[in-house]
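Here is what Swiss-Prot records for this protein:
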- 79, 104, 131, 132, 133, 134, 135, 136, 137, 138, 139, 200: 5-phospho-alpha-D-ribose 1-diphosphate binding site (BINDING)
- 194, 199, 200, 201: uracil binding site (BINDING)
C-alpha cells in the first residue's frame, strides 16, 4: 500500500497547533480545512493531464492542460469527515459527494455501516475518503470494502493523523489503496486513542462532548 506522510512545514505547523488542549472549536475547524486543502493538493499531484482546445480571450483557438479522465467523489466518513470536505472543495469544487456512516457493533466489535449514500458511476471515479484519524483502521477498512463492492476501483484516503497499527491493518486488508496523512503518530494507547493524536476530532469540529 502506498503511504505518504506529508512533510511540508506548513502542514506540520498547523497540525502542531491542533494538538493543543486549549484549542477552540473555531480554530480546530479552520485548521482541519486548511490541512485537508494542502493534503488534497498532494493527492492530486499525480493526476494525468491531457491537452484540450478552447476559444481563447483573443478570439483564437488555443491548447490548454486539463486533468485527464476520471472525475472525483469525496467520501466523508460521518461525522468527523464532514469537517474535511471544504478543504477538498477548494481544489475540486465540482466533486460529487458520497457519504458513509459507521457504528461499532458492541457484540462483535466490528464496524457496521448504518448509512451509505453513494454517487453514480463509482467505477469511473477516483474515490477520496476523508476522515481526520486512522486509529485501529476498522471503520476505514469497512468503508473501502463498501466502496469496492459498489464498483469503486481507484481509492485514495486523506487523514490528519494515523497510527501505525491502523496503517498495518489497512495495508493487509486493502494493499491497493493510497493513504495520504499529515502525520504518522507514535501508537494507540490501551483505549485505542492515537498518541499523541488530536483527541476526539468529531467533538472538536462540532463543539460537542
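The backbone N, Cα and C atoms fix where each Cβ goes, and this holds for glycine too.
In the three-state DSSP classification, residue 133 (5-phospho-alpha-D-ribose 1-diphosphate binding site) falls within a strand. Residue 137 (5-phospho-alpha-D-ribose 1-diphosphate binding site) has 194 as its nearest neighbour among the binding-site residues 194, 199, 200, going by CA to CA distance.
Less than 8 angstroms from the CB of residue 200 (uracil binding site) sits no same-chain residue that is six or more residues away. Listed in sequence order, the binding-site residues near residue 194 (uracil binding site) (C-alpha within 10 Å of its C-alpha) are 133, 135, out of 79, 131, 133, 135.
Cα of residue 201 (uracil binding site) to Cα of residue 135 (5-phospho-alpha-D-ribose 1-diphosphate binding site): a span of 12 Å.
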